[in-house]
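Worksheet: one structure, shown below.
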Amino acid sequence: MAQVAKKILVTCALPYANGSIHLGHMLEHIQADIWVRFQRMRGNQVHFICADDAHGTPIMLKAQQMGIEPEQMIAEMSQEHQQDFAGFAISYDNYHSTHSDENRELSSLIYGRLKANGYIKNRTISQLYDPEKGMFLPDRFVKGTCPKCKAPEQYGDNCEVCGATYSPTELIDPKSAVSGATPVMRESEHFFFDLPAFSDMLQAWTRSGALQEQVANKMQEWFDSGLQQWDITRDAPYFGFEVPDAPGKYFYVWLDAPIGYMGAFKNLCDKRGDLDFDEFWGKDAKTDLYHFIGKDIVYFHSLFWPAMLEGSNFRKPTNLFVHGYVTVNGAKMSKSRGTFIKAGTYLKYLDADCLRYYYAAKLSSRIDDIDLNLEDFVQRVNVDIVNKVVNLASRNAGFINKRFAGQLADQLADPVLYKTFTDAATSIADAYNNRESGKAIREIMALADVANRYVDEQAPWVVAKQEGRDADLHAICSMGINLFRVLMTYLKPVLPSLTERTEAFLNTELTWDSIEQPLLGHSITAFKALFNRIDLDKVNEMVASSKEDMAPATRVTGPLADDPIQETISFDDFAKVDMRIALIQQAEFVEGSDKLLKLTLELGGETRQIFSGIRSAYPDPKALEGRMTVMVANLAPRKMRFGVSEGMVIAAGPGGSDIFLLSPDSGAQPGMQVK
């Protein structure tokens, strides 16, 4: 019985419209595109959409700094984003914007339904207000002196030096990060989405078995700590959609951003005329809906988004496909090191298929971080794609073209071997379907080894010199070309550009179902180089270019210039500080904070709990476990919103991604005093 084609809608998270696409972003779009291309090869009807996330205070302020209207800025950024995605052959059917008529209408519709169903609550809150700019200030737009450690220039919600969390009103000498003015407290009525009302539904959805285990486990932690009502409005001035019948109130960007998935699809429906919006978004839709997202936005997509859809009588996602972060050479992407590489910069130097292949070879269905090791990247692409796959074609095509006028043999030299290759279609398809592209690549490369071993053993270059063996030569080389065809069919979802050149060379389309029948008596075209090796020097040029692109056009600064040495203290003052070697037993995220990590430290007979503001530099806290560090052990315990912090770990750096946890030399033991 023929398999019934599925109808599938696939989305990627919407890139924010105030910056360029970089190689970290590309992981998600490549992963999704590989899955989409595979589904299309299998005959499923897939609609693949995305859009720019184009609202919010950061966009409004950046446009002001540039001296242009936000609409102009987001239009220019959208053009750049679409050019980058096209350069990487991301096969979107539609790329739209959240700043659209469709999104405005759908946001108003969903809000209206939520309000009518009793899920919108009003209450008055107090916020800091910039009297010069005439705007309420989000926590991140207030800076001042930390009330705990007295570090200057700290954000309004968290100290990046000591890790303390607080409200903006607790800052010493707070200033607006927008104007520099001293903010004042003002009250404002805000609208809240009653997320706790959907707790039972969300827990049932979590336990349905569809979600990744890591996502379900994380959601259970949020349920255990209790869901809170969600503030969905912001006050003017704000770049976004005004709330209906509420002048001066705007939808918070995270309300209308996921609705952008619906808006982008509605726009596609209107363009095409043959798509039914309700077939994919209606309450009882039988189609599949999948969101590819990063682990940093699971909270919004696994709680708020399905609750919003449920409360407004729309369907929920079939599943969320969540991936980890990208590191480069084992560390966070760095502008100073040149590893913060823009997509556009990459495309100036290298073939997009190279990165697509490398990511595919490392991706699985788990939420694991992917390391783009640039030396390994060069070697893997050159060995796998060039040496194993493309070389298989070049080793055989020359003889076919020169000795047999481009005509393949009428019979298959080794039907049993060929069947081994085609039998692998089932397991490779299962791997692709389950987003285990790394597993698929491993199986494909194992077959490539077998194919090359066959050619090595048959030695067509030797046979070609022997009289009376033209038929053998023809059969061997035709077999090699047919094995190459099967391999490239399996790689088609990953390598679209190479596939296009391969189809032109083989003079046939590569389809999943056609590999059962080998190419016999078939004419191929003259062989031309299908793929170029990567030169490490080219990669180094790209890194150097990224350093130049990202270098600030300001005077050269350094740690001492940026952070001068403080006033001299006496030896007696210093002697009061008791620093100890500590072993990090456990490191984990702190729910409700995007700055803190919770560390459990072993001091050699005593265990301490510490909250440290180092999350921005260590996106995978598990990597810290088992590591030695230095802590201040006699600091008075500090009660924080998340618990009691019993000391402080020592780190260097200006903050953000450039925080470096100190470690002792080898031989140091937990509990040893630092003198």
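The backbone N, Cα and C atoms fix where each Cβ goes, and this holds for glycine too.
Quick look at what Swiss-Prot annotates:
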BINDING   Cys146, Cys149, Cys159, Cys162  Zn(2+) binding site
BINDING   Lys335  ATP binding site
DOMAIN    573-675  domain 'tRNA-binding'
MOTIF     15-25  motif ''HIGH' region'
MOTIF     332-336  motif ''KMSKS' region'
Lys335 (ATP binding site) versus Cys159 (Zn(2+) binding site) - Cα distance in angstrom: 23
Neighbour count (Cβ, 10 Å) for Cys162 (Zn(2+) binding site): 20
Residues of the domain 'tRNA-binding' (573-675) by DSSP state, where helix covers H, G and I: 10 helix, 47 strand, 46 coil
Residues of the parent chain within Cβ reach of the motif ''HIGH' region' (15-25), under 8 Å, 6 or more residues beyond its termini: 50, 52-54, 56, 58-59, 62, 73-74, 77-78, 80-81, 84-85, 97, 325-326, 328, 333, 340-344, 346, 355, 372
For the motif ''KMSKS' region' (332-336), residues assigned helix / strand / coil by DSSP: 0 helix, 0 strand, 5 coil
Rounded to the nearest Å - Cα separation of Cys162 (Zn(2+) binding site) and Lys335 (ATP binding site): 25
Tally of residues which DSSP labels helix, strand or coil - the motif ''HIGH' region' (15-25): 3 helix, 2 strand, 6 coil
Cys146 (Zn(2+) binding site), number of other Cβ atoms within 10 Å: 23
Cβ packing number for Cys149 (Zn(2+) binding site), 10 Å threshold: 15
Spatial separation of Cys149 (Zn(2+) binding site) from the residue listed as 'ATP binding site' - C-alpha basis, Å: 29
Residues close to Zn(2+) site centre defined by Cys146, Cys149, Cys159, Cys162, Cβ within 8 Å: Pro147, Lys148, Lys150, Ala151, Gln154, Glu160, Val161, Gly163, Ala164, Gly613
